[in-house]
Amino acid sequence: MATEKVTGDSDLRVESANPDVSRFQNVDIADKSLNAGAMEATAQEHSVGFVQGFKTYKRAAFWSIVISMTVIMEGYDVTLLSSFYGYPRFREKYGAWLNEEHGFQISSTWQQRFNCLAAVGNIIGAMMNGWATARWGHRRVLIGSLAWLSAFIFVVFFAPNIGVLLAGQTLCNIPWGVFATTGPAYAAEVTPLAIRGYLTAYINLCWIIGQFISAGVLKGLVNNPTQWSYRIPFALQWVWPVPLALAAYFAPESPWHLVRKGKLEEAKRSLQRLSEPDHDINYDNAVALMVHTNKLEMEERSGANYWDAFRGTNLRRTEIACMVFLSQITNGGALCYNGSFFFQQTGIDADTSYAITLGGKGLSFVGTVVSWFYIHRFGRRTIWLWGFSTLCLILWIIGFLALVPNQTMSLAWGQSLLCVVWLGAYSMSVGPIVYTIVAEIGSTRLRTQTVVLGRSIYYVGNIICGGILQPKFFSPGDWNLRGKTAFFWSVLATLTLLWGYFRLFETKDRTFGEMDVMFQKGVSARNSSKYQIQEEDVNMTEAVQEDRKE
């Protein structure tokens, strides 16, 4: 029986009767046999099915679900203010008088400020989270962010004017950026491969749940004639931080974070808390494999920077990640996803517009759940293309309906209900599949840089299209295009669809090594799903990896 000591804050003994596993654990990072050991460990994890994985790691699933509830809070918060633009009492408090027809309105200039500074706050929060979590772990950062949010909700709740409200919202967006990145990261690090996909997909559902709660609260208070119609939704944000902070306090820390900090005994205890005690699990080997994986990833990232993401085959991967993330902007989401203000511009009263929004959020919930039944059956490229084609068609129809002279309530209802259909189609296709594609497309050494670049492009696109242009399109005091706004999004969506047909790569059922070979050989996007890996291609893997390192 081979025995090894892994040094850290304790002498953790690693024993294995399998000489191949022992060889994997003792080998130097530069030794090529490490790849064979990693492949063996990966195959063993793949052999665990969903039912067995959930039974063994039901505690990990529980804590992942609990921590991901911060995304529900974030989903509730970020849609709140944009929905208030159509709220009568909110406009009277923070808006300016426009004319007899439109009454009080939040000007497009102020809408631009709110939208742009919200995105800036999210970026700051996400970047701070990446730095802070590496030092203090998910739990402490999450508790600190919840305390931060609780404090600045006071600024929003008691804001005497729109300037103070803007400052409070911007400061609140910083912890929301933390929540948006903590949930997925924690879920990925505490759950095994067998259930990881389902629990990370659940995070998408958390966004919908938060937005559904927000829409329900707004629908219930839209006819309240007092200032509490908008103050109560702000105040409800105080409900979340205390229970979530308690959950974070009692939750086990990510074992991967503890391994990276050299706290191996704590990592072992964390793994024990994340699994069932009556299952036969070698925690010492699990921690040792984490140690070796951490060393391997450090070696893979050595010398890698953002500039490398634009060199060689990585340029194509970066392009795909950026464009797929950007497709969440160019698909017309700014028009359809938060449509209560748009519904009112078509002539529908405020009460009905929020009822439609509530129904749309419910449809989004159902659509996301439905996507789980085929997201692992059909290719990522196939789901994205069919879904995006549907979104394009809906946008063109909305635009042409707006051209009909003498607009009637029937046409207004038609445009509004098409926005709801758009929500359902988006939630069943483009919404959940984007995150899968971006997570899989990057190379091993540059995956983090690829995701960051893609997300950065998303935020920039959101600032330009959703933050600057969309308020101008809608505002009665500016361009006031109403349904004709759909033509702008239709053109952007069609151009994005053409890009996807010729450039979007299929990643389903491909290992990272196989994708390395396919990108190195220049396999076209249209042939990526049908390409057959040959024996000589497999033999190329080591050469490709060596070429990438050079």
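Note that Cβ sites are derived from N, Cα and C of the backbone, with glycine treated the same way.
Taken from TrEMBL, the feature domain 'Major facilitator superfamily (MFS) profile' applies to 63-508.
Summarising the annotation, TrEMBL assigns transmembrane segment to 60-85 (among others).
Here TrEMBL flags 117-134 (among others) as transmembrane segment.
If one looks beyond the transmembrane segment (146-168) by at least 6 residues along the same chain, the residues whose Cβ comes under 8 Å of a Cβ in the stretch are 70, 94-95, 106, 110, 113-114, 117, 174-176, 231, 234-235, 237-238, 240-241, 244-245, 248. According to TrEMBL, the feature transmembrane segment maps to 146-168 (among others).
Outside the transmembrane segment (174-195) by six or more residues, the chain places 45-46, 48-50, 52-54, 56-57, 60-61, 63-64, 67-68, 70-71, 73-74, 77-78, 121-130, 133, 138, 141-142, 145-146, 148-149, 202-203, 206, 252, 254-257, 274, 435 with a CB less than 8 A from a CB of the stretch. Taken from TrEMBL, the feature transmembrane segment applies to 174-195 (among others).
Per TrEMBL, transmembrane segment is recorded for 202-222 (among others).
Marked as transmembrane segment by TrEMBL: 320-342 (among others).
Non-local neighbours of the transmembrane segment (354-375) in the same chain are 83, 86, 198, 201, 204-205, 208-209, 211-212, 214-216, 218-219, 222, 338-340, 343, 348, 383, 416-417, 419-420, 423-429, 431-433, 436; each lies 6+ residues outside the stretch with a CB under 8 Å from one of its CB atoms. Positions annotated as transmembrane segment by TrEMBL: 354-375 (among others).
Taken from TrEMBL, the feature transmembrane segment covers 382-404 (among others). Remote same-chain partners of the transmembrane segment (382-404), defined as residues 6 or more beyond its termini with a Cβ less than 8 Å from a stretch Cβ, comprise 324, 327, 331-332, 335-336, 371, 374-375, 411, 414-415, 418-419, 421-422, 425-426, 428-430, 433-434, 437, 482-487, 489-490, 493-494, 496-497, 500-501, 504, 506, 529.
Residues annotated as transmembrane segment in TrEMBL: 410-435 (among others). Using a Cβ-Cβ cut-off under 8 Å and counting only residues 6 or more beyond its ends in the same chain, the transmembrane segment (410-435) has close neighbours at 184, 200-201, 204, 208, 324-325, 327-328, 331-333, 335-337, 339, 342-343, 346-348, 353, 356, 359-361, 363-368, 370-371, 375, 380, 383-384, 386-388, 390-391, 394-395, 397-398, 401-402, 404, 483, 486.
With a threshold of 8 Å between CB atoms, the same-chain residues lying at least 6 positions outside the transmembrane segment (456-474) that come near it are 108-109, 111-112, 115-116, 118-120, 122-123, 322, 325-326, 328-330, 333-335, 341-342, 345, 480-482, 485, 488, 492. Among the features that TrEMBL reports, transmembrane segment is placed at 456-474 (among others).
Sequence-distant contacts of the transmembrane segment (486-505), counting only residues of its own chain at least 6 positions beyond either end whose CB sits under 8 Å from a CB of the stretch, comprise 316, 319-320, 323-324, 326-327, 330-332, 334-335, 381, 384-385, 388-389, 391-392, 395-396, 398-399, 402, 415, 437, 441, 465, 469, 473, 515, 519, 525-526, 528. Per TrEMBL, the feature transmembrane segment maps to 486-505 (among others).
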With the cut-off at Cβ under 8 Å and a gap of six or more residues from its ends, the chain residues touching the transmembrane segment (202-222) are 64-65, 68-69, 71-77, 79-80, 83-84, 87-88, 183-184, 187, 228-230, 232-233, 236, 340, 350-351, 354-355, 357-358, 360-362, 364-365, 368-369, 427, 431-432, 435
